[in-house]
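Structure record follows, encoded as structure tokens.
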Amino acid sequence: MTYCYTAAEIRAAEQPYLDAQTRDDELMRHAAAAVSEVAERMLSEAYPEPGRGRVLLLVGSGGNGGDALYAGRDLSSDGHGVDAVLLGSKPHERALKAFELAGGRVLPLGCDRETDLSKILWSISEDYALIIDGIVGLGGHGALREEAAWLVREANIGEVPILSVDVPSGVEADTGRTFDPPSQTINPDLDLEEGQDPYLPSHVEATTTVTFGGLRYAHALSEACGEVELHEIALDAFSLELPGLGQTLYENGHYNAVHHQTPTVEFYEALGGSFPAPFGAKTQLEPGAADHKYSTGVTGIAAGSEAYPGAGQLCVSAAVHATSPAVIYVGDVDARNRITAALPTVIAQSDSVDRKEVRVDAWVAGPGRGTDERAAEELRDILATDKPVVIDADALTLLSKHEDIRQLVRERGQERNLRTVLTPHAGEFERLTGHEVTNAIADARELAEQFSCEVLLKGRRTVIANPKTQRTVVIDAGSSWAATPGSGDVLSGLLGAWVARGEALYVPVIIHARAAFLAAQTEFGPAPCSAQDIAESIRDATAWFTNEGSSGKIRL
């Protein structure tokens, strides 16, 4: 796991280093060395011979532009051809001079900017093996300006890899948000058809993003960052005995968000011991010598209906594959017969049973259950128990429609000190709040505060907020194989099983992501999988999580 920081926290932590520099741009040069190191690795994948592969720098006026120019100097000194396009009005003077002295070339954008831009655009896919994005820094807000957007467009068309410094330009550092693309006023000579309005991107979609000291929120929230490389930077030993920037950020204690990516893709880290231990479960999975089916976390499930029978079965199947204790299903006779035929270990009880009398340690309510008054009354009964409750799918719709149910949820947290978990995806979040998700971390926190309960805002990057702590966890699934019907029902059952054990929500979220990845694997390579495939992969994913996680191998 890795902590995330706001742009303001990064700047505050950097200031002592900037004040302690004994030579010009010392910290910037260290950052640039990391950029050039990553660039060399990316170039070597296409050109194994040293010095091969030409690089184009997109340079803005801020510190990121300086990082790019100093990195260009290093790459030029190592034998690469490096060109730069100056997109800001005031490029970093010392970095620009160093770049040119090392043999770097600045491409003109002079009086006839449209003609000059056309020449550069024509050359991008043919001449360059890598583009370094140093257009906008941490303080950037809004979409790319038009000239930059044209350049990024051509890089995308030519499939030229892009290495972004800190955060991809056009992506807001504190939210991961992007903006509407710029309007077209320039018409470069690109053989566009008459009247054609080419798509201009609003932001950079990086192949790799290199950042320093600690992750920014955007790295946890935005797919535009690509693969993120986190590098430590520090001053030279003779400057001042300061620890690395990552250590300073951690010791300052302002890490209000935690990010984890399931390692389905390779991740490079150069931080050493700057961050605490990886995620792990606090309970042992193997039952103890005196344990039995009711002793270590029984899951109760109220899911599925005549209209959506599969939702209940998927939810129950996930819980069965996730836990050794009993799983109790409550439903009508047809649903009970269907589920026990498929999963004979499940204990099935009539839907007329008093929910307070069912011997469970946590409830899952909602998947495929319906939104009629009968379902609403059942949800009220479950919320009236003294057990943790996971609310998903149709139960979230009921929550959005009924003020008395919303009040029951709030009372559970504020007055009864009971655990409740809301699990909306973006559409369900909008129904609950009346607005779209614009800042996933802040939005999840706000919803958690509003209902005095935990919120799990689902997506490729799942955000977990808890009003009792100031920390928010962001889990990047590392793949999108879970984007299949019924996957959310599987997650609900998995959540219920782990909540019944008293575990943190990140545990089942990571296991679900890994199960989806494992379910997609075949002897011939990955292929689409079903929600049932994901449920049946939970055991393997759980073993992976507990063994790899507890040994410290799951790292960012």
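Just so it is clear, glycine is given a Cβ too, placed from its N, Cα and C backbone atoms.
Taken from TrEMBL, the feature (6S)-NADPHX binding site covers 63-67, 137-143, Asp166, Ala311, Gly368, His425, Asp489. Residue density at His141 ((6S)-NADPHX binding site): 12 other Cβ atoms are found within 10 A of its Cβ, drawing on all protein chains shown. In this structure, His141 ((6S)-NADPHX binding site) belongs to neither helix nor strand by DSSP; it is coil.
When Cβ atoms from all protein chains are considered, those within 10 Å of Ser169 (K(+) binding site) total 29, not counting its own. Residues or ranges marked as K(+) binding site by TrEMBL: Asn64, Asp133, Ser169.
Annotation source TrEMBL lists AMP binding site at Lys458, Gly459, Arg460, Arg461, Thr462, Gly488. Annotation for Lys458 (AMP binding site): spatial neighbours Thr423, Pro424, His425, Gly488, Leu491, criterion Cβ-Cβ under 8 Å with sequence separation of six or more.
Positions annotated as domain 'YjeF N-terminal' by TrEMBL: 5-241.
Here TrEMBL flags 276-545 as domain 'YjeF C-terminal'. Mean pLDDT, taken over the domain 'YjeF C-terminal' (276-545), works out to 94 on the 0 to 100 scale.
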Response to the item:
Rounded to a whole number of Å, the separation of the Cα atoms of His141 ((6S)-NADPHX binding site) and Ser169 (K(+) binding site) comes to 9
Response to the item:
Within 10 A of the CB of Asn64 (K(+) binding site), the number of other CB atoms across every chain shown is 30
Fill in: Rounded Cα-Cα span from Asp166 ((6S)-NADPHX binding site) to Arg461 (AMP binding site), Å
19
Response to the item:
Same-chain, non-site residues whose Cβ lies within 8 A of the Lys458, Gly459, Arg460, Arg461, Thr462, Gly488 Cβ center for AMP are His425, Leu457, Val463, Ile475, Ala477, Ala482
Response to the item:
The rounded CA-CA distance in Å from Ser169 (K(+) binding site) to Leu138 ((6S)-NADPHX binding site) is 9
Worksheet item: Counting only residues 6+ apart in the same chain, whose Cβ is under 8 Å from the Cβ of Gly459 (AMP binding site)?
Response: His425, Ala426, Ala440
Worksheet item: Taking the Cα atoms as reference points, how far is Asp133 (K(+) binding site) from Thr462 (AMP binding site) in Å?
Response: 27
Worksheet item: When you put Asn64 (K(+) binding site) at the centre and draw a 10 Å sphere around its Cα, which of the binding-site residues Leu138, Asp166, Arg460, Thr462 have their Cα inside it?
Response: Leu138, Asp166
